[in-house]
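Inspection log for the structure reproduced underneath, given as structure tokens.
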Amino acid sequence: MEGLTLIVVMMSSFMLGGQGQQISTPCTSSMISTFTPCLNFITGSSGGSVTPTAGCCDSLKTLTNTGMGCACLILTANVPLPTGFINRTLALALPRACKMGGVPIQCQAAGTPLPAPGQVPFLIAPPPQVSAFSPGASKAAGTTPTQAPAPDTPADGPTGPTTKSGIRPVDQPMQPTGLAQSSTSPFLPLLFISLILLNL
């Protein structure tokens, strides 16, 4: 019975370890924790202060010296933080506010955002182009365009939700639970086979 318990514990540790799909970034948790003095400034929650604290500038200098890749991701607002959204304008202004010059040259190419963790969605193919030799093109060429009726919009302007400029929402997909991870684990059939063999 003790051998069975040991096997179950070992198999469950294999199943639960390392199954989450995570994107590898140059930012470690210790790098982000040393950058915490700047989080209020780059998220816009510093109470309207336009200058970062001395501790923030010191941590930015340390981060650019030890982890330029992580600093670039933070300064270009391309790393999601658990504390809130990064205001890209404030993040790009941080090096100048700390009297370090502009955004480092190494960060200029870091303007592309990271993909969200999880599966890649299927893309819808664009509609086919109408060529001059297709039947649809000859019918379209023979008709004259008509004026479309004006849409019913109020004279005040468009109605609908307004967005705040400078704040970019980040969609964070839910992480799979332990049950979902273990059901897709390749070690699950091995666990069942070992349990059957131990019962024989």
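Cβ from N, Cα, C; glycine included.
In Swiss-Prot this protein carries:
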{"type": "COMPBIAS", "residues": "140-163", "note": "compositional bias 'Low complexity'"}
{"type": "DISULFID", "residues": "Cys27-Cys72", "note": "disulfide bond"}
{"type": "DISULFID", "residues": "Cys38-Cys56", "note": "disulfide bond"}
{"type": "DISULFID", "residues": "Cys57-Cys98", "note": "disulfide bond"}
{"type": "DISULFID", "residues": "Cys70-Cys107", "note": "disulfide bond"}
{"type": "REGION", "residues": "134-182", "note": "region 'Disordered'"}
{"type": "SIGNAL", "residues": "1-20", "note": "signal peptide"}
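Annotated features, which come from Swiss-Prot, shown on the structure.
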residue: Cys27; record: disulfide bond; DSSP class: coil
residue: Cys38; record: disulfide bond; DSSP class: helix
residue: Cys56; record: disulfide bond; DSSP class: helix
residue: Cys70; record: disulfide bond; DSSP class: helix
residue: Cys98; record: disulfide bond; DSSP class: coil
residue: Cys107; record: disulfide bond; DSSP class: helix
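The closest partner of Cys70 (disulfide bond) among the disulfide-bonded residues, by CA position, is Cys27; the full candidate set was Cys27, Cys56, Cys57. Cβ-based crowding with a 10 Å cutoff singles out Cys38 as the top-ranked of the disulfide-bonded residues Cys38, Cys56, Cys57, Cys72, Cys107. Spacing of Cys57 (disulfide bond) relative to Cys72 (disulfide bond) is 15 Å (Cα to Cα, whole number).
Ranked by CA distance from Cys107 (disulfide bond), the disulfide-bonded residues Cys27, Cys38, Cys56, Cys72, Cys98 have Cys72 at the top as the closest.
Cys56 (disulfide bond) is 8 Å away from Cys98 (disulfide bond) when you measure Cα to Cα.
Here the Cα atom of Cys72 (disulfide bond) is found 16 Å from that of Cys56 (disulfide bond).
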